[in-house]
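**Q** Structure below; questions to follow.
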Amino acid sequence: MTKSKSGLSFLWLSAVTFLLDLSSKYFVVKNFELYESINILPVFNLTYVRNYGAAFSFLADHDGWQKYFFIVLAIAISLMLCYFLAKNQATQKLQNIAYALIIGGALGNMIDRLYHGFVVDFFDFYWDIYHYPVFNVADIAISLGAGLMILDAFKNRHEPEQRTE
């Protein structure tokens, strides 16, 4: 019986995502003051903010328990997705890429929470006075991974079998 490569071969993408995320956050923390903003395009700024919650600052205004909740959640999701990668064949590229991106992003934000107690965000898109919530490389990876999982679910849907009577 021939052994085929598993989806774990995609963990290099998690490592690249993780390193890009941490290096971009390091750059922002070292070169920006808190809330400092540099205009890049008419609809885009680099703005250093601290996020004590999750996406869209969900749970940010609580007493600090959410930090530990999100750390445990990131570990649990990353372990679960590593298990899925181990079970997947390397040929399941879309799903493996999705899992790897989510793992890299989850671990990047988790390290921020462990080290700083918050997540460093800096991509600030806006139109006129309306700003989209500020985000980071890890958030992009998690969102892309989730989108690819949805795409993969639609791509792999099978037509229901027709019953003959």
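Quick reminder: no glycine exception, Cβ is built from N, Cα and C everywhere.
Below, the features straight out of Swiss-Prot:
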ACT_SITE  D121  active site
ACT_SITE  D139  active site
TRANSMEM  9-29  transmembrane segment
TRANSMEM  65-85  transmembrane segment
TRANSMEM  100-120  transmembrane segment
TRANSMEM  134-154  transmembrane segment
**Q** In whole Å, how far is D121 (active site) from D139 (active site) when you measure between their Cα atoms?
**A** 9
**Q** Apart from its near flanks, which chain residues at least 6 from the ends of the transmembrane segment (100-120) lie with a Cβ under 8 angstroms of it?
**A** 10-18, 21-22, 25, 28-29, 48-52, 64, 67, 70-71, 74-75, 77-78, 81-82, 85, 136-142, 144-146, 148-149
**Q** Looking only at Cβ atoms, how many others are within 10 Å of the one on D139 (active site)?
**A** 21
**Q** State the three-class DSSP label for D139 (active site), counting H, G and I as helix, E and B as strand, and everything else as coil.
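**A** Its secondary structure by DSSP: helix.
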